[in-house]
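According to TrEMBL, the protein carries these features:
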- 70-117: region 'Disordered' (REGION)
- 84-96: compositional bias 'Low complexity' (COMPBIAS)
- 100-112: compositional bias 'Gly residues' (COMPBIAS)
- 135-155: region 'Disordered' (REGION)
- 223-518: domain 'CDC20/Fizzy WD40' (DOMAIN)
- 351-392: repeat 'WD' (REPEAT)
- 487-519: repeat 'WD' (REPEAT)
Amino acid sequence: MAQFKFLNEVNSFIAMDGELAKGPVPRWQRKLNLSGASTSFNSSALGNTSSRGMLSVSLSGNANNTLQLSTTGVSLKTPRKTGAKGAAASSTKKSSQTPGKGGTIGQPGVGGDRFIPSRTTTDFDLGHYMVQQGAMGSDENGENEDATGQNPISPKLSERMRSLSEAMRGCDITSKPLLSYRVKPERPPEGHVNPMKAMYSVKTPMSAKSSSRYIPNAPERILDAPEIMNDYYLNLMDWSTDNVIAVALGSSVYLWNAATGTIEMLFENEGNDHACSLSWIHEGHILAVGTNAGTVELWDCENIKRLRVMNGHSARVGVLAWNSYVLCSGSRDGTIVNHDVRTRQHNIGVLEGHTQEVCGLKWSPDGKYLASGGNDNLVHVWSAANGSPHAAGEPLHVFNQHQAAIRALAWCPWQPNVLASGGGTADRTIKFWNVANGQLMNSVDTKSQVCGLLFSKTYKELISAHGYVNNQLSIWKYPSMTKQSDLMGHTGRVLQIAMSPDGSTVMSAGADETLRLWNCFAPDPLQAKKEKAAVREKPSLLKQSMR
């Protein structure tokens, strides 16, 4: 019996068909127990009873004595990289998931795997209306549901659908898509208001967008201007073609050389006399000075010498304008006098049109028109007399749309027939006129007093000087008149602005007794480089003849 007992123990020890009752739990069984525990909650929630698979190992009596494992219910095979690649390769060979070039967008079953609508061709008002109608229809269908479980259409709903179809010009709204690829859907019925339109129709305002070029917001240089007169009707600064700035401070007139930085006093008046206007001749070093006594003086600034004194007004001369050898002067007496500075009898004509002080004068670039602005809220345009550099006769146009005095005048350099005018505190607008036909082209509300206007020589832009509230200089894009930048810094209103000979710098004179240089129209170096590269150098005749 002992030997049989020993044989039974040996057989049971080498038997591999049953479960192991003793010893540590094998690794595969531990993994099986963990996976079974993690999936037990899901299987119980779904109500599926799954028995844990048992592993049976049998020693087959084949020629190779291979060990065969069989599992029930759960696969214990660990995925391998080679197997995953092989499966991916086989699936790729079977069918390609990437849409080919031949696929047509918008057809079902062809192309991509998701719907990407086009916002430009989608009508959100119609979509919102259809969603609201669908919700109302589902509520009414739920109320009218009968015992058979069907949802019959009520006469009221059918009548609504019929009227809606007529309003949509026979369109069946039940089959109309809410979103579209290319075809723009029908418009919603007239009078329908979408309350959620503001959520997807907000656009960035033009003023918030960055400008196309860099504009420095700080002045390049600040100069002191003590005792400068805070008078809206006076013109106390001018910039010559020789890069010399003349400015009237109190009873004196000073010259500042912008190239060297030297300062020189031209003259000083005695008593209560003071300069009311300054204007450089276009080419040369002759400065015209209008006084509060009603006279016009010519000064040779190179030799610091007064050349002559010209009469013609009974009140102060607040504005001057050169046109070749003719100097026009505007006075508080409402007249404009043409002075021929070459002759002894300098007064060659008087223009009478304004009823109050003339505070703005500007000749057009081609010398054909003279624009004058006055305290009577009128802009007059005078034509040159028979090709002469002076105006005569009656005004060609009289513009009366301004509501305040007009001191700021500027002619467009690339459109000689376009005139810009700016109004005072009660007007605050910049208006553009076509002097060829006398029509108002545009009007822009600047929200503040307009004290000066200048067109840029480098860019198609306009700079304006303002008073209360911000005392700023504003740069506008012309002709759209979109604001590019505001140059802040003056604590008092800007009395006048002048431009450098090269057109890159603007000087502003403020009531805060400062002169500020703004490098706001500097040429773009990249653009200049491109233009220089575009111009090809012409080969010389010497190079052409050499072989």
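Using N, Cα and C of the backbone, Cβ positions are placed for all residues, glycine too.
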For the repeat 'WD' (487-519), what are the same-chain contacts with Cβ under 8 Å, counting residues 6+ beyond its ends?
215-228, 230-232, 234-243, 245, 247, 258, 449, 451-452, 454, 456-458, 463, 465-468, 470-475
The repeat 'WD' (487-519) resolves under DSSP into 0 helix, 17 strand, 16 coil
Can you break down the repeat 'WD' (351-392) into helix, strand and coil residue counts using DSSP?
0 helix, 21 strand, 21 coil
